[in-house]
Amino acid sequence: MASPSGKGARALEAPGCGPRPLARDLVDSVDDAEGLYVAVERCPLCNTTRRRLTCAKCVQSGDFVYFDGRDRERFIDKKERLSRLKSKQEEFQKEVLKAMEGKWITDQLRWKIMSCKMRIEQLKQTICKGNEEMEKNSEGLLKTKEKNQKLYSRAQRHQEKKEKIQRHNRKLGDLVEKKTIDLRSHYERLANLRRSHILELTSVIFPIEEVKTGVRDPADVSSESDSAMTSSTVSKLAEARRTTYLSGRWVCDDHNGDTSISITGPWISLPNNGDYSAYYSWVEEKKTTQGPDMEQSNPAYTISAALCYATQLVNILSHILDVNLPKKLCNSEFCGENLSKQKFTRAVKKLNANILYLCFSQHVNLDQLQPLHTLRNLMYLVSPSSEHLGRSGPFEVRADLEESMEFVDPGVAGESDESGDERVSDEETDLGTDWENLPSPRFCDIPSQSVEVSQSQSTQASPPIASSSAGGMISSAAASVTSWFKAYTGHR
């Protein structure tokens, strides 16, 4: 037997025994032991590096005890006792588990009962809340039913009202259709009445006719009288007299110098091409020559009278047709003898603008209109062949014709328009100053002021003398050629 302490062998002091025989037995056992005897080898029992005093067989078999006498029980006996204790422990554990199994089941049942009670309470609360919500929903349902009933009755009333309104609308539609037919018939009767009044006015008081002059071209007359002018200059002047500025371009006018348009009689007429150079020449001569003008067939008087009558006719037509003119022009505008070239040109532009405006309102064929032909446009307006004469309603204004109307006399724009005496206020030029200018295409606007029609017609016509009319036409043609020649040489 060996001790696990690993120290030197000590004699066991037991009663009746000496240390010698024990030491001898140990030496014998050591000599008989097998294995390595190394000082550093660890003990397999205590895991120390003390000196080994047991044999390997005893250690393997467990046949060893403590040498110090603490416990005489062998290791193998301890091991057997440990195994027995473990088996008893397992038996005790099984018995304990078996004894506690009933309590565990009881606890499980108690937990289940508790959870069921909690769930029952929750279900009761949920049922109470559900009942409350059902009561609220039932009350809301009753209110909704009452509301739906009211809405249904209201819808029935609205349906009845709708049917009543539809019947009323059908009656109104029939009435409107009938009134529309009546209005159209009234418009037709009004147009016929206006047409008859206008035709009576233009046939009795203001007859407008086309008069053949039967005179030679003033350029040819001037070329025969003035040998200094070259043939090229004469041809250029003749070509210039046969062209007219229309819609932004120069067009050829075959009837430029062959015809004239008369108003109130053949002795009061205007040039067909809108050339008022005879009046300009008379104004210049009036400035240089003092004293009364004794010539009764002066073309300036004829032009002034024709323009004055045209102004009166335009104002009367605007009253009959119920059309507000865009430009304010008095009946006596052309009656004065002191009209300068600028004032005269401005007044002619106003008259042409008003005539074009009336032509637009009566849907005159735009291909026939030329902005500078005053009486010819007026003749087309009051012509018996005009289909829409006397009409009422909206109309469209042609912007290109209005722009072409601005080009009356190119020499006027560069002259003394800036002087204080020649300036014209807005009230004298435009009636629609308070209205907004709209971009093209422009439709008719109702001006803010009305044109006074009932003004005194104080202009007297010249005596109907055929010879004086012919002489006036010749003088006008000669003066026209002279003005063209002056303008031509001045520009050169």
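Glycine is treated like the rest: Cβ placed from N, Cα and C.
Record note: of T144, T259, T429, Swiss-Prot gives the feature phosphothreonine to T429, with no matching annotation on the rest.
Among the residue ranges 11-26, 43-58, 107-122, the one that Swiss-Prot annotates as region 'Cysteine repeats' is 43-58. When S83, S416, S454 are compared in Swiss-Prot, the phosphoserine annotation sits on S416. Comparing S29, S232, S448 with the features listed in Swiss-Prot, the residue bearing the annotation phosphoserine is S29.
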